[in-house]
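Taking it in order: structure first as structure tokens, then the write-up.
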RNA sequence: AGGGCGUUGGGCAAGUGGUUAAGCCAAUGGAUUCUCAUUCCAUGAUCGCGGGUUCAAUUCCCGUACGCCCUCCCA
């Protein structure tokens, strides 16, 4: 019988969910679901100083928003709880006591200051920084003396002298470390709380994790953890160290990096869709077999294969994300699209909070004009700008606009069109469109020379959606005012 | 400084001991269109560098450069 696959995403609540976190969570999730196994979320909150208020909540909230579901965690419980490390202190105690009793660990009375100085000395002499092992063989008298001083010890793991630690990484292949490159590391801090490297091992064992998929930055922690597994006589899980995600400068994405939008919440606020983000993030450091790039969550579950995790760093390509999100927006149901975009216009003060049915309908039509080209929700504000800018007569024209209006034909076209528009008793794209043809016949102008003058004067911009519909939505009043104002100015000049 | 890992066109990325070295994004050029957008077509890599193994290497081995990660009483 094969063991049930169990994997976990183990965030520390030191911040909100960012791209890197999300990627790790997604891969674990896909791996578990693909194998029909369990996906667990465990909160690693042993660094109380760095924990931030709301961090844990935010992690779960945005994971859920992205479409992940988990089988065990702080919020829904499970058979292997508690799932918050600070609630597992008693459990850890039993295990580190065991290591102490068996001589795998010892008490270290060095102060942080002493250690820091030691490190700096080593660096200054060009040596590899690392703990010297000073407290490895303390006599009972020395210990008593330290205790009498009121010093509180940390617990350090006694790293074996001359041992090769190796493992088969699902991504990197065979990886080897030598124990002499690892110095005795702290497993329990002065305050009695275990460190990450210790707690992970105990938890992963107790929670029966079969695989550990995590970021590559953990690869050098792995030998430490393996030594702990061995000290306990436990079988270590299979490791998979995923590529880092790097920014445009090829640096690891860090929470403090401002060159890139990091947090899932920010993407949500900008109007990125969870499906698109999920899709995009999954393609960071992993690739499917064929040529397709757009996949649903269920398709990913079916396809996911850890063999195809890539070894080299993935760069976060914002423009591709925008493209991908645009693909999802294009396929979105119209109602959803409208519901997503309108709030951005309201927030920008361009639309009233409370709208009449007519206003709603108008806004809907405006917004729908851009459905195919919108990359993300917030972009609607700039894209639809021409429907909210009520300037009658532009005073400053761009070079192109000047060129468009300077032609002799421009005024003819404009006055002819203006006259036709005024004769209209209704105002819809359907009745406006034929008028352009009428003007075409009358002035013998067509194409660029026909449309552009009208567009520039009536809409105030040389770019925009289909002219007749744009004019309809701009409204009769505004369009006529603009044309009149322009023509009048032409005459006075 | 030590250890680990990586290196395929601007970005992502597939792939193989002998191929025209996929595909996507971006860029540029072109076609269509009143413009933007859309759509379509086109354009670009001697696979970091040097050596070796081999009839043959981007693919295997060694070295080197560069990059990144770790070396914390952070995770």
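Glycine too: its Cβ is placed from the backbone N, Cα and C atoms.
The domain 'Glutamyl/glutaminyl-tRNA synthetase class Ib catalytic' annotation in TrEMBL covers A:4-323.
Taking Cβ pairs closer than 8 Å, the motif ''HIGH' region' (A:11-21) reaches residues 41, 43-47, 50-52, 54-56, 58-59, 61-63, 196, 215, 244-245, 253, 255, 262-265, 281, 284, 316 in its own chain, all 6 or more past its ends. As annotated by TrEMBL, motif ''HIGH' region' applies to A:11-21.
Annotated Zn(2+) binding site per TrEMBL: A:108, A:110, A:135, A:137, in sequence order. In the three-state DSSP scheme, residue A:135 (Zn(2+) binding site) is classed as helix. Residue A:135 (Zn(2+) binding site) counts 19 other C-beta atoms within 10 Å of its own C-beta, drawing on all protein chains shown.
According to TrEMBL, the motif ''KMSKS' region' annotation covers A:252-256.
If you look up TrEMBL, you'll see A:255 marked as ATP binding site.
What TrEMBL records for A:338-486 is domain 'Aminoacyl-tRNA synthetase class I anticodon-binding'. According to DSSP, the domain 'Aminoacyl-tRNA synthetase class I anticodon-binding' (A:338-486) comprises 101 helix, 0 strand, 48 coil.
Within 8 Å of the centroid of the Cβ atoms of A:108, A:110, A:135, A:137, where the record puts Zn(2+), the same chain has further Cβ atoms from A:106, A:107, A:109, A:133, A:134, A:136, A:138, A:156. Put plainly, the binding-site residues A:108, A:110 were compared by Cβ crowding within 10 Å, and the winner is A:108.
Within 10 Å of the C-beta of residue A:137 (Zn(2+) binding site) there are 8 other C-beta atoms, taking all protein chains into account. When averaged over the domain 'Glutamyl/glutaminyl-tRNA synthetase class Ib catalytic' (A:4-323), pLDDT in the model lands at 88.
Per-class residue totals from DSSP over the motif ''HIGH' region' (A:11-21), listed helix then strand then coil: 3 helix, 1 strand, 7 coil.
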